[in-house]
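**Q** The domain 'ABC transporter' annotation in TrEMBL covers 4-241, 249-477. If you look up TrEMBL, you'll see 509-529, 536-555, 561-579, 586-605, 625-643, 674-695, 715-737 marked as transmembrane segment.
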């Protein structure tokens, strides 16, 4: 029997529109095969991968597993595999669950019930293999895209899957990082693993043992790479395997002026960068992953500031910025509404909007007739990228900035986009885009290689970056306001890291067993609810003292209360109007402060994983009764993890709107500013649901189980923590009973 047998597989996105993502697909996968799954954007490749991984249920057909995979699914120790299937997404941000690389790689092993000692050995080996040894305890947001993708590979590889499905994992990576990831996949295959690689890369197609091609939801080819490439060129173009060669426009530099100039600039890992960007030209920016290509575009767009040096814009020009993570630029429910957003806010008549939307969609190769009624987040990754670019092009900006615009596009779509870029140049536009692809660089008039300016990351450069961290003079004022709120959270995380790594007394509060920290916080809550007015004042003083010993900035507590004080005052006023009792109003306010401080401190001295373990330990008596308490504790961990995700999503939506001039001064009517601000709520909810779905899929892919799991982290109860708990228990008991 084949490893996996797929029969008559069909999946539809919508019964109302009868749009099929995959239709009547049949094939088998043999043990140890290396298969490339190719096809145009939107042909059904990612949907097929999701069906294979069990993330979505097909409406018809079946997927049959070999008996050894069924045993693996039950985690049978006699099976040669640990799990049947693992899947790697194109966007690593959608697949990371824990707060550090170490804990994230360990999460899957915890779910499989691997012994703690063995788990530590496996995690250490995988961290080193994925070249993340120096980042094992780093915050996830501090990792580059390439480092995150290596982490996601490690998450999948450590599960020892029989079949690994990789959905365009190298689409956002530099050539160097692509080679590293390719070596990881090759090692997996040579070790006996079965590999399906979704790719548009012609070299990867040639290197495969077998190629499957999807087109318009159907499997149209199943055979050897040589057999595929012998097909007629018209057929291969239709399938998105090859594209017509591009004709580069003749350079007409006689009337060209300087649009932007950098002088002795430092940003990212770049130092002493001096260069000019010419108007009316195409400029490609290349360099290894994480060096600062994206930062360069953000500096030009007034989203980021330089660490040192200067960036001067020499003429007034409207700018639009297409970000690499396309979902960050999409926020409306329907494709047409998202593309039209800028013109709607500008008050352009509906008839004119529809004409411009159709023109912009056709420019990027997204058929208006086919996609006008489609929901934005039902699109494939490549289709989302086209929609995001159409939303940029529709504003007809003078300068177009694009961060790796061809990532995730099939070869035909990439050719169409590059033709669109040259069309923009022909219209007199200035185009700056990042890439490491030689074919994309070939259409540019100029190329800036940031590797030539790579900083040595000396202490001087780091200090300069730190000293200018809060400088916002070169940033759009509205963006600066949004970034300031994010910088505040980054500052708190930085303080937490410094305290945990210090030799001060505060460090001991972080090393206390999670259950004891939970019980201490519970003591604060119980005492606050039971105490009278004088007792609550004492509790507030004790909480502030606790904050001092934990090295939490007292001013941050005061500012946090100040932000919500207006709402507290309104509630207090209503309470007074209803009860006419000033004493109860004062008691309400004091109780709020007494509860607010310890809860803030609890989130400061605990990670989401520690919170999960604390709640699980606290509910242990229920676990002995057969109640799956891990589900409850895991929900709390996800909630705390999701707070950062929501903040990040709100930031991305706000930035995307500002970039597309939805909140800008140009083209905007005064009456629409409030509309733009108020309408942030709906897209945030929409994006929250999308991220929640992605997170649930990531958890499922890690074989989450409420029972039979183990723990990677080891906690110890020392004398200091016991004495501290005894002190708080005694104080709480005194308040409650005396």
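Note that Cβ sites are derived from N, Cα and C of the backbone, with glycine treated the same way.
TrEMBL annotations: computationally assigned, not manually curated.
Keep in mind it's a predicted model, so treat the numbers as computed, not measured.
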**Q** Which range wins on Cβ pairs under 8 Å with the transmembrane segment (509-529): 536-555, 561-579, 586-605, 715-737?
**A** 715-737
**Q** Out of 561-579, 586-605, 625-643, 715-737, what stretch is closest in contact terms to the transmembrane segment (536-555), meaning most Cβ pairs under 8 angstroms?
**A** 586-605
**Q** Quick one: mean pLDDT on the domain 'ABC transporter' (249-477)?
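**A** Computed over the domain 'ABC transporter' (249-477), the mean pLDDT is 81 on the 0 to 100 scale.
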**Q** Report, as numbers and ranges, every residue of the chain located at least six residues beyond the transmembrane segment (625-643) whose Cβ falls under 8 Å of a Cβ in that stretch; write 'none' if there are none.
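**A** For the transmembrane segment (625-643), the sequence-distant neighbours (Cβ-Cβ under 8 Å, at least 6 residues beyond its ends) are 97, 99, 603, 608-609, 611-616, 619, 691-692, 695, 704, 706-707, 709.
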